[in-house]
Amino acid sequence: MSTGGSIYNHRSLQPTGPPPVPGGPHPNPRLEESIDTIRQEFDRLVSETGLARNQRDDYEAKVGSQVNELNIIRQSLYELEAQHGKVRQQYEEELARLRAEIHALRQGLPPSAAHSSVVGPASAGPPSALTAPGGSGGVPPFNDAYFRDRDRDRDQRERERDRERSRAERERERDRDIEMRDRDRERTVDARDPKRLKQDRIKADHSIFSPTSVPKLPPPSSGGPPPVSGPGGPPSTSGPGLPPPPSASAHPPYPSAGPSSAVTSPMMDPHANPSGTLIPINTPAGGFPEDLDLNSMPSEFKKEGSDWFAMFNPKVKRSLEVNLVHTLMHESVVCCVRFSSDGKYLATGCNRTAQIYDTKTGQKTCVLADENAGKAGDLYIRSVCFSPDGKYLATGAEDKQIRIWDIQKKRIRNIFDGHQQEIYSLDFSQDGRLIVSGSGDKTARIWDMIDGTSKVLTINDPDSLNNDAGVTSVAISPNGQFVAAGSLDTVVRIWDVATGVLVERLRGHRDSVYSVAFTPDGKGLVSGSLDKTLKYWDVSALMSGGNGSIIKGRKEGANGSVVNGPGGVGSRKDGDKQSQCTMNFTGHKDYVLSVAVSHDGQWVVSGSKDRGVQFWDSRTAIVQCMLQGHKNSVISIDLSPSGSILATGSGDWQARIWSYGPA
């Protein structure tokens with residue numbers, strides 16, 4: 001029986017054996033034990049995974065709580081700083097008023113005459129920080145040796161003048177005090193006159209605060225709230241990740257870190273409000289009424305968030321709704337923002353890194369940083385641009401290189417070298433074959449993504465209003481035939497992509513052009529300038545004329561060549577504009593730094609040094625909405641090509657995503 005049983009068991013293990021007989025032997029208990037052990041181990045791993053996930057969620061919640069607490073602390077610091085500045089300003093105004101009254105009483109004038117002679121912030125306002133003295137172009141945030149030397153010399157002269165003026169005033173006051181004491185011994189002192197107002201001090205105050213004598217770009221000591229170094233940090237002018245102070249040899253694009261920082265850059269606001277409260281902007285005729293007050297506005301013409309608000313023009317029917325979607329914190333100034341062609345992602349550029357965010361969730365999906373770049377100093381990413389297929393991101397930086405990143409692999413695909421100065425602007429053609437770049441070296445370049453070759457478009461304009469014609473902004477027309485470029489010399493130029501020949505030179509701005517953007521149909525071009533205006537140029541004739549007409553006379557072409565017009569059919573004299581400015585957008589209180597046009601062509605949007613974003617009706621140039629959500633200059637804006645989403649980047653180290661649509 002034992003022999004038969006062993007044979008049976010052996011045969012039952014053979015694959016070709018008969019099926020098991022019902023009521024036969026039970027399965028192997030060891031196999032069941034092994035399965036139970038595996039099941040228990042799996043359950044244990046599932047439990048540990050769930051525990052780890054809960055711990056991760058707890059850690060994320062704690063980190064988020066800590067971040068919120070830091071933001072609250074920073075907000076409190078900003079509010080305290082704002083209160084201090086307000087008290088100081090009130091004190092100075094009251095002091096100036098009392099001095100003027102005393103002076104009027106001494107001269108036997110009626111007290112009412114004192115109010116007409118009050119000097120200081122109450123009458124003349126703070127010194128304007130619009131443009132550099134002696135020129136209309138301002139001090140651009142471009143790392144050019146000419147501007148570095150000029151700024152350094154000017155700052156040194158200003159400091160020397162301030163020291164001499166202070167020393168002379170002290171000496172005059174001391175002499176005047178002695179004289180006054182001698183006079184007081186001979187006459188009764190007025191009870192309302194405990195402190196004498198010096199005649200020379202009055203004259204000095206007039207010379208300091210007179211609108212005609214105010215330096216257009218004052219030194220940091222000229223007034224206004226002191227700069228704040230960064231979120232949650234004490235004032236600082238140097239350190240890891242912070243640009244050097246303005247006196248350093250390398251003049252950075254944004255000379256100090258944090259809000260209210262870049263005194264020497266037109267992009268940054270030296271008088272930026274450091275508090276969490278936002279200051280409404282009163283705009284001149286054509287925009288909002290001068291005396292517009294947020295508190296007194298009807299509810300249907302305003303919208304307020306926790307740290308932002310929107311004001312709608314009461315002169316026109318409200319047709320727009322705006323909402324804040326995401327706030328994206330950064331570790332330095334946000335120099336640029338750009339949507340992908342499908343609107344699903346937003347790229348931002350700051351010091352040494354470019355980030356990519358999911359526009360729906362606000363989550364950071366990718367950080368791109370070149371580990372091979374030099375570690376010394378700062379390296380601001382001044383421009384970013386997605387390829388049309390969304391696979392690549394082009395970045396332009398201060399090291400004169402254009403990097404093409406493979407987003408999925410987080411690796412550099414190409415590096416385009418050739419520019420002699422910083423890269424300020426990038427734009428892809430719609431087919432993804434070409435990318436155009438603008439640089440401070442007075443050139444725009446058209447790069448071929450396949451073979452890496454480039455075509456140089458050089459500005460060689462002897463009759464330019466400004467010797468510096470650095471290219472600040474570039475845009476490729478929707479049909480891919482033309483490249484438009486804004487320049488420091490106030491001119492907007494348009495080149496033919498195929499030939500590299502200059503076909504249009506648009507003059508009209510009174511100061512440097514910082515941003516250009518084509519309308520979606522390609523028939524219009526919008527430009528924004530340091531003269532605080534936007535202009536709409538009708539380029540429909542140029543677009544319908546194929547390659548456009550060639551400018552006769554001095555023309556900039558590829559490689560800076562000067563092309564002599566044939567003088568025949570299709571040519572025109574230099575300066576006879578084929579494309580005319582048909583609309584002016586006026587309303588910003590300070591530099592216009594960035595412009596964009598909505599995907600449907602309905603809205604023109606602009607960002608400014610006045611910390612505001614304005615929505616303009618593209619057909620009438622009338623402002624519809626004024627949006628305040630940043631505490632420093634709005635350096636860059638972009639509108640999604642496929643949806644109603646707005647992105648803003650600012651000197652307050654934040655990028656924000658907004659939604660807009662019909663009211």
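Placed from the backbone N, Cα and C atoms, the Cβ positions cover glycine too.
Looking at 1-32, 545-576, the range annotated in TrEMBL as region 'Disordered' turns out to be 1-32. The feature coiled coil, as given by TrEMBL for the ranges 53-80, 81-108, 445-472, 585-612, sits at 81-108. Broken down with DSSP, the repeat 'WD' (464-505) shows 0 helix, 21 strand, 21 coil. If one looks beyond the repeat 'WD' (381-415) by at least 6 residues along the same chain, the residues whose Cβ comes under 8 Å of a Cβ in the stretch are 143, 253, 335-342, 344-345, 347-354, 356, 366, 368, 370, 373-374, 421-428, 430-432, 435, 437, 439, 447, 449, 452. Residues 142-144, 253, 382-389, 394-402, 404, 455-460, 468-476, 478, 480, 483, 485, 487, 495, 497, 500, 560 of the same chain sit 6 or more residues outside the repeat 'WD' (416-449) yet have a Cβ under 8 Å from a Cβ within it.
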